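Visitor: When I checked Swiss-Prot for this same protein, it listed these features:
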type: TOPO_DOM; residues: 1-39; note: topological domain 'Cytoplasmic'
type: TOPO_DOM; residues: 61-178; note: topological domain 'Periplasmic'
type: TRANSMEM; residues: 40-60; note: transmembrane segment
Amino acid sequence: MLRDKFIHYFQQWRERQLSRGEHWLAQHLAGRSPREKGMLLAAVVFLFSVGYYVLIWQPLSERIEQQETILQQLVAMNTRLKNAAPDIIAARKSATTTPAQVSRVISDSASAHSVVIRRIADRGENIQVWIEPVVFNDLLKWLNALDEKYALRVTQIDVSAAEKPGMVNVQRLEFGRG
């Protein structure tokens, strides 16, 4: 019932607004010649078309072109990365192949990360390393660098706290190819 009243009042309001608009339009066009009416109609159509083009069509077209360009760039980058991935993985794995090369990489990177190596031994597929007590954060940085740069992963490690805070004793450390 309330809904019906609302609909009825809305329809009455709409009819009044339409009749006012028709009255205003008829009043302005009443004294005009047919030629002026045609020119006014053409001007209204022209202004509407220009407004539509400037406010809606052109910004949408530019945005679509930008998105297409970004999409093409992303597709090209994706293709390059997919093509480069096997080469990168192969280069990482083949960077250190012989035990002598692996030992050299381990010792060079250890000195760069403040890790002192006591002994390195070849254990078939793996390399076992004995090191002096080391700062825990330095040990983590060194192990992370070996993993990221040379694909050498820790296969076994035994760590215990040293007497000094922040220092650790590494009883057993073994690397394998990742």
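Using N, Cα and C of the backbone, Cβ positions are placed for all residues, glycine too.
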Visitor: What mean pLDDT score does the topological domain 'Cytoplasmic' (1-39) have in the model?
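Guide: Looking only at the topological domain 'Cytoplasmic' (1-39), pLDDT averages out to 83.
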Visitor: Summarise the topological domain 'Periplasmic' (61-178) by DSSP state, stating how many residues are helix, strand and coil.
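Guide: When I sort the residues of the topological domain 'Periplasmic' (61-178) into the three classes, I find 63 helix, 36 strand, 19 coil.
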Visitor: As a quick check of your reading of DSSP, tell me how many residues in the topological domain 'Cytoplasmic' (1-39) are helical, how many are strand and how many are coil.
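Guide: In the topological domain 'Cytoplasmic' (1-39), the DSSP-based counts are 35 helix, 0 strand, 4 coil.
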